[in-house]
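*Asks:* Pulled these features from Swiss-Prot for this protein:
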TRANSMEM  25-45  transmembrane segment
TRANSMEM  91-111  transmembrane segment
TRANSMEM  126-146  transmembrane segment
TRANSMEM  170-190  transmembrane segment
TRANSMEM  205-225  transmembrane segment
TRANSMEM  253-273  transmembrane segment
TRANSMEM  290-310  transmembrane segment
TRANSMEM  330-350  transmembrane segment
Amino acid sequence: MSLFDTINSGGAQLLGVAWPTVWALVRILVVAVVILLCVAYLILWERKLIGWMHVRLGPNRVGPAGLLQPIADVLKLLLKEVIRPTAASRWLYLVAPVMTVVPAFAVWAVIPFQAGAVLANINAGLLYAMAISSIGVYAVILAGWASNSKYAFLGAMRAAAQMVSYEISMGFALVLVLMTAGSLNLSEIVGSQQHGFFAGHGVNFLSWNWLPLLPVFVIYFISGIAETNRHPFDVVEGESEIVAGHMIDYSGMAFALFFLAEYINMIVISALAATLFLGGWDAPFEFLSFIPGIFWLVLKIFALLSVFIWARATFPRYRYDQIMRLGWKVFLPVCVFWVIVVGFWMMSPLNIWK
């Protein structure tokens, strides 16, 4: 019996009918707290890694080796005043930051951490994740419009066009995973990657979707970088032009909520990429299967997040027209072509997804 089953049965005996509600709230709270801690130390890891890439130390003053820097940053932002521009629409201005964070947290309801460990094991998990992720664009537009500033509105328009453009390519990538797995349930998608010739010989990582769907995996991940408005696709908040884009009139914790949503979305994109293309909690080799699955999932997410950071430290910012051209003239045609290729592949005698 697993630890979760032991807690579940013990709680059911103790609280009776109220236990399912209490257990659901406890799991949600634990996941939310862990995500917040991950975001705090992801920001520290980003600053450290970029520092090392620039041949410097990065934050090292607050606490041992700078480990308390995220706590200092949070306290600083908590103590800053939220200044609302006179011309801003009061309620919409305050709703926009919250509206960015809620969908970012909500996606975690369907992401499986290991076999049987998921908040909501629903059959339409992939569709749910895609639909909830799409809500973020409305919050960005709302923030730009409610500020009643032409610079914020320009940033919001850029963000909306960019996010919608790359969502189409990401959608096609998810359609291909659906075609090969035959299910929208994320746990079943992970399970579908645990079979095949290579998995039968103990080399599990060659059975994962990244290999047969390599171009789509690359497109999905790069589109994820664009979707989160991260460098080199950060024309939304180009420092040399409109500074913080749609966030330019925000301060204090309202400003921090936008950054919180951005970093949670980075982790979400990495978690979905690991689940859909990298076998989720599956170990790369059969002889390593004794290690808990959540370790492998976290390791894959960490590796993908490090690629996010590496891209920020390495590539120059794209121009707006280059971003649009890449999305519409490169990624979209490749995705459509790959849908046709995989369709014929699955109907041929060489179908590897049987």
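Every residue gets a Cβ built from N, Cα and C, even glycine.
Keep in mind the model is a prediction, meaning the values are calculated, not measured.
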*Asks:* Using a Cβ cut-off under 8 Å, which residues of the same chain at least 6 positions beyond either end of the transmembrane segment (25-45) come close to it?
*Replies:* 59, 66-67, 69-71, 73-74, 105, 108, 119, 260, 263-264, 266-267, 305-306, 309
*Asks:* For the transmembrane segment (205-225), which recorded stretch in the set 91-111, 126-146, 290-310 gives the largest number of Cβ pairs separated by under 8 Å?
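*Replies:* The stretch with the most contacts is 290-310.
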*Asks:* Residues sitting near the transmembrane segment (91-111): Cβ under 8 Å, six or more positions beyond its termini, same chain?
*Replies:* 31-32, 35, 84-85, 118-122, 125-126, 128-129, 132-133, 135-136, 138-140, 142-143, 145-147, 186, 249-250, 254-255, 257-258, 260-261, 264-265, 268, 271-272, 275
*Asks:* Out of 170-190, 253-273, 330-350, which stretch touches the transmembrane segment (290-310) the most, going by CB pairs under 8 Å?
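*Replies:* By Cβ pairs under 8 Å, 253-273 leads among 170-190, 253-273, 330-350.
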*Asks:* Any residues 6+ beyond the ends of the transmembrane segment (170-190) with a Cβ under 8 Å from its own?
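*Replies:* The answer is 110-112, 115-116, 118, 121-127, 129-130, 209, 212-213, 216-217, 219-220, 223-224, 227, 275-277, 279-282, 332, 335-336, 338-339, 342-343, 346, 353.
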